[in-house]
Amino acid sequence: MKSIEVHTDGSCLGNPGPGGWAALLRYNGREKELAGGEANSTNNRMELMAAIMALETLTEPCQILLHTDSQYVRQGITEWMPGWVRRGWKTSGGDPVKNRELWERLHAATQRHSIEWRWVKGHNGDPDNERVDVLARNQAIAQRGGLATS
């Protein structure tokens, strides 16, 4: 089974507003960057999309170390999801789970992989997190119709 390192991030200019997501996949010294965006989104949706797109890109089962600065994504997939499913996609307070379609898609994308979800503090000097942050922000800027920066 291939061992892949993944770094993800999402960005939103306003919340809601133009959003971007990005992922960096690393395997055997090779890297692949993925990025995209939506004209009207939220930060949480973009964080979810980054993880979804990274996992859906992989064509075979992999051992994955996935770094995210989103506690929403990490806790959602590792802690909250079993309860949501058990309660018919309701939160512990009885409300419908937000972004359910993305959570279902993320859950499906995780099934063939062995994944360790690792939280990294955002904007704290981690070079890979900073890299995907810039990529995601540039996608959000492009969705707004602005010029991306490096």
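Cβ atoms are placed via backbone N, Cα and C, with glycine included.
Small disclaimer: the values here were computed from a predicted structure and weren't measured.
Feature annotation from Swiss-Prot assigns Mg(2+) 2 binding site to ASP9, ASP133. Among the features that Swiss-Prot reports, Mg(2+) 1 binding site is placed at ASP9, GLU47, ASP69. Annotation source Swiss-Prot lists domain 'RNase H type-1' at 1-141, citing sequence analysis.
In sequence order, THR8, GLY10, SER11, MET46, ALA50, THR68, SER70, VAL73, GLY122, ASN129, VAL132, ASP133, ALA136 are the same-chain residues whose CB sits within 8 A of the CB centroid of ASP9, GLU47, ASP69, the residues recorded for Mg(2+) 1 being left out. The two recorded residues, ASP9 (Mg(2+) 2 binding site) and GLU47 (Mg(2+) 1 binding site), have Cα atoms 5 Å apart. Under the three-state DSSP scheme, ASP69 (Mg(2+) 1 binding site) falls in the coil class. Most Cβ neighbours within 10 Å among the binding-site residues ASP9, GLU47, ASP69, ASP133: this distinction goes to ASP9. Annotated pair ASP69 (Mg(2+) 1 binding site) and ASP133 (Mg(2+) 2 binding site), C-alpha to C-alpha distance, rounded: 10 Å.
Taken together, the residues in the domain 'RNase H type-1' (1-141) have a mean pLDDT of 97 on the 0 to 100 scale.
Under DSSP, ASP9 (Mg(2+) 2 binding site) is assigned to a strand (E or B) in the three-state scheme.
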